């Protein structure tokens, strides 16, 4: 049980590691936060609520081995101190019910940038940053995640939707954004929608 929770945590932190040999030896370098767009005038109250994970791109993602993934949802609950309690809801493998993963995103000095709260709970994580790159708040968001774990830098971009389906144009925009950060087609995957768990 503890092992499966740890594996889930690593996946959601951007370490979607494949079973392929040498999957992390040649990671695409993570970009500096300064080179990643930041949503102007970020409005934390409008960003809160449920988002569906429509797409993922990252330097530990491999389409040729993962293909696609089952959609999950993430709920951002705004707190009085402008941090978010963030809950991701996933479908467990083999009809084992729903899985919930809760963490805290603490605002940094720039609106739309966050760090992981309670870092002591994640001893393998040396740093963890979240940056809202772009959003219209009511349809889509693209969020950049970067972490250092065991002296390796991982990054991912998540394409969120307020609904389970997004237009081909938004998916193409997401793909272009991921490639602008050095990722390739093989590092970009899209989810398969589900009605299990993620609307809870």
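Any Cβ shown, glycine's included, is placed from N, Cα and C.
For the carboxymycobactin site, Swiss-Prot gives 72, 73, 74, 156, 160; the one candidate out of 63, 147, 171 that the record lists there too is 147.
Burial estimate for the disulfide-bonded residues (98, 197): highest at 197, by number of other CB atoms within 10 Å.
Within the set 72, 73, 74, 147, 156, 160 that the record links to carboxymycobactin, no two Cα atoms are more than 21 Å apart, and one pair reaches that distance. The Cα atom of residue 98 (disulfide bond) lies nearest to that of 72, taking the recorded positions 72, 74, 81, 147 as the candidates. Using Cα positions, the member of the recorded positions 81, 85, 197 nearest to residue 156 (carboxymycobactin binding site) is identified as 85.
Taking only the Cα positions, the spacing between residue 81 (N-linked glycosylation site) and residue 74 (carboxymycobactin binding site) is 20 angstrom. Around residue 160 (carboxymycobactin binding site), the same-chain residues at least 6 positions away in sequence with a Cβ under 8 Å from its Cβ are 51, 52, 53, 54, 74, 135, 140, 141, 142, 143.
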